[in-house]
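Right, one structure below, let's go through it.
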Amino acid sequence: MAQFYYKRNVNAPYRDRIPLRIVRAESELSPSEKAYLNAVEKGDYASVKKSLEEAEIYFKININCIDPLGRTALLIAIENENLELIELLLSFNVYVGDALLHAIRKEVVGAVELLLNHKKPSGEKQVPPILLDKQFSEFTPDITPIILAAHTNNYEIIKLLVQKGVSVPRPHEVRCNCVECVSSSDVDSLRHSRSRLNIYKALASPSLIALSSEDPFLTAFQLSWELQELSKVENEFKSEYEELSRQCKQFAKDLLDQTRSSRELEIILNYRDDNSLIEEQSGNDLARLKLAIKYRQKEFVAQPNCQQLLASRWYDEFPGWRRRHWAVKMVTCFIIGLLFPVFSVCYLIAPKSPLGLFIRKPFIKFICHTASYLTFLFLLLLASQHIDRSDLNRQGPPPTIVEWMILPWVLGFIWGEIKQMWDGGLQDYIHDWWNLMDFVMNSLYLATISLKIVAFVKYSALNPRESWDMWHPTLVAEALFAIANIFSSLRLISLFTANSHLGPLQISLGRMLLDILKFLFIYCLVLLAFANGLNQLYFYYEETKGLSCKGIRCEKQNNAFSTLFETLQSLFWSIFGLINLYVTNVKAQHEFTDFVGATMFGTYNVISLVVLLNMLIAMMNNSYQLIADHADIEWKFARTKLWMSYFEEGGTLPTPFNVIPSPKSLWYLVKWIWTHLCKKKMRRKPESFGTIGRRAADNLRRHHQYQEVMRNLVKRYVAAMIREAKTEEGLTEENVKELKQDISSFRFEVLGLLRGSKLSTIQSANAASSASSADSDEKSHSEGNGKDKRKNLSLFDLTTLIHPRSAVIASERHNLSNGSALVVQEPPREKQRKVNFVADIKNFGLFHRRSKQNAAEQNANQIFSVSEEITRQQAAGALERNIQLESKGLASRGDRSIPGLNEQCVLVDHRERNTDTLGLQVGKRVCSSFKSEKVVVEDTVPIIPKEKHAQEEDSSIDYDLSPTDTVAHEDYVTTRL
């Protein structure tokens, strides 16, 4: 196993050990770079800015360095959602790379906005190109910002990108064979498939559809249908495409949930987008709902608001129908069903009469059609009883009275199917399985009528039925009529859809039939295989002599496997236990043949009964459970299709009255003949501009109403989506990390505030002492070297003086000192020096000289951190004392290395930070000369109060220091190494 880890070495001292080493080693970070990245991780703004400024001057660190996880400082700031650090890093022009993609994936809206505004788009309004690092990038080249934002479904980020003018590649059709698709698939089929999946995943984003689509419903319908078709082609990504299709369907349903009134619902469901402004269109035909049924948007159709509108139209004449007792409902339906001939005759004579308009209502139309079909089934039952048939031996019997009564219904069914195919088209007609069943049923009735006519014309003599030919027309007609009766009775199942209890069962039955068809393919293969083998084995043992009955249907079964057809029958009926085992025996003493035949027969029964039949049961159970889990949606969708068939204008009269030509039909027929067949065709009267204008205005008004409703729905949907996201978010690991980052940043801010408040108090005390020394010049000359040392003390000898913030505030508010420093009013000259600080500090060593343009941009919107303010106050105090020393001639640069007139110092803090205790500060003073600009680094120690200095001299055990030089300064003593 060791050879998998390292190259085998014979001289290895420990052969029972596996030495490990880093095979793919990366470049190590310097301590400064580690500190820089650590500061970014902790959110230390001052330290990060200091590192960036030093990097611009001394080039000690690489500001684009990468940590072991492959993250730059910018990516770390994005992960921590630290917008201040992101803005700081971008101001120093760090490498952006794919930071925008990382910000989008983390859904940091502020970071995305900063990155989008970092580089202004040039030329077209596009997002600046992202420079992807092929070595470390986590994103493939086809992932663009808008695609990734759509994957995250973040509405705010998508809106920012769309406002920048981004675009998404248009995917080709499912079975596109263009040069681009073929070449891309040949070069790299995986990349081609993944790229198309990423594009469709972006297009299926609900936020993107709601934000960029003029008609979100139509976009969701078409996209879900296209994704469903694509799942059948791209079998490798079938589950992904099906999930995206369900996502689009759910989006359309959720968007419809936001409707608040029947007016909004009617505007949406009646909107038609395939008409121009000047074409006449109906405003109450539920065009959008028909489109949803065409694209099989079950969630949209079964939505409660949509179903409520359909129910109100279905029970138009019976507003309180659902609240009535079930007995009242049954009696009402029975009375209307009995009166359907009266309603039909009234509609034929006067279509606009009250009774004629009454039968046009969808619910009344449904009851009348159901009553008509039940009457047809009753006639079929009478025909099967042969009540009026006496001459059973007549070869060509004439039609009976019942058969004459059945004929109008058959003609009415055929005429209704022809009209349905003409109105809806052949493609829509064959997509409905009930229409295929009607086609088979009507074909059987037509064949029966034709054969009966042939038998009546050709055969008229009486002849015993036993002597008739097997293919006699009457016998074939009777067989076809019996099969047609079965289909007619089963056709009644389609009406179960209207009932909430029987509807789900009817849908489950239809799904189980599909499972049975799938099962039959496998079963037929097994059946044919064993039938071929058994027939080959028993073909030589066929018995023909002395048998009055041959086959398995005899009283004593024989010759079960003599022919292929008999073998197939025997194997099929053996599933139901109707075949005896002795059929595998032969008369000859061939025990081996008997054993092989019995073994084959038993193996077939095991496979067919134990394996295949149980597999069929499992498949049917799965189909039923699938329907049961979505019973409400499946049933409402099927019921809606049934209701919509009765909402149409045509097909008002039930059979057999639909074959009777009405006056309206005769008028339409004469008009059509006059228009198309006569020589003098009717010239269509041209429409006036006023009529066209009014029609265009109505269509435009409908379009504006639809867009207004869509705007309101999208706003409500986005608000509900954001509320739901906030509710379901909860406490996650990301929230804990963000909380830790905020606490860390707040800690450094508090430390900076404490440091800045203390130093500002000391600076005010120094200003007061310098003012008093200027008023009493003679007194200051007489005090000697002790006083000179106190005057020459620099603020850069300080590291940190912890004073309670409340005490400082109290001293400033009441003009009182808390014992640490004097608080006096600042002279006007000192204020003027601070105002002119930028001009005085322009040659200071650690400050980077900016260009005029950058300076102008910074002055336009200056943001100072706490560390910047401390440095500025320190430099101002040092400059003030140096000017005083220069005017009095007291500046000296002796052994103590106190800064001179031509030297400025900045205190570099190297104090070790701890979260629990604030330890002793140890700093370095960095001095820069104005002339030679050389840097001198001297060690400094804290300023120790005078009353504590004596104690510290005695306690040398605590601090092991070398001989020191002590300088007294009022209440404090500075100890120098």
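Cβ atoms are placed via backbone N, Cα and C, with glycine included.
Small disclaimer: the values here were computed from a predicted structure and weren't measured.
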Task: Swiss-Prot annotation: Gln395 and Leu509 on one membrane face - done: no
TODO: Please find, within the list 223-260, 869-906, the residue stretch that Swiss-Prot describes as coiled coil.
DONE: 223-260
TODO: With Cys554 as one half of a disulfide in Swiss-Prot, pick the other half from Cys524, Cys549.
DONE: Cys549
TODO: Determine the Cβ neighbour count for Cys549 (disulfide bond): the number of other Cβ atoms within 10 Å of its Cβ.
DONE: 10
Open item on the list: Is the transmembrane segment (433-453) in contact with the transmembrane segment (363-383), using at least 3 Cβ pairs under 8 Å (sequence separation of 6 or more) as the test?
Closed with: no
Task: Rounded Cα separation (Å) that holds between Cys554 (disulfide bond) and Cys176 (Zn(2+) binding site) - done: 60
Task: Neighbouring C-beta atoms (10 Å sphere around the C-beta of Cys554 (disulfide bond)) - done: 12
Open item on the list: Below 8 angstroms Cβ to Cβ, which residues of this chain, lying six or more residues outside the transmembrane segment (404-418), approach it?
Closed with: 372, 375-376, 379-380, 383, 435, 438-439, 441-442, 445-446, 449, 651, 654-659
Task: Selection from 433-453, 476-498, 512-534, the stretch that has most Cβ pairs under 8 A to the transmembrane segment (600-620) - done: 512-534
Task: Mapped DSSP class for Cys181 (Zn(2+) binding site), helix or strand or coil - done: helix
TODO: Taking the recorded Zn(2+) site as His172, Cys176, Cys178, Cys181, identify the other residues of that chain whose CB atom sits within 8 Å of the mean position of the site's CB atoms, giving them in sequence order.
DONE: Glu173, Asn177, Glu180, Val182
TODO: For the transmembrane segment (476-498), could you work out the same-chain residues 6 or more beyond its ends whose Cβ comes under 8 Å from its Cβ atoms?
DONE: 366, 370, 373, 376-377, 380, 384, 434, 437-438, 440-441, 444-445, 447-448, 451-452, 455, 505-507, 509, 635, 638-639, 641-642
Task: Residues near Cys176 (Zn(2+) binding site) in space but at least six apart in sequence (CB under 8 A) - done: none
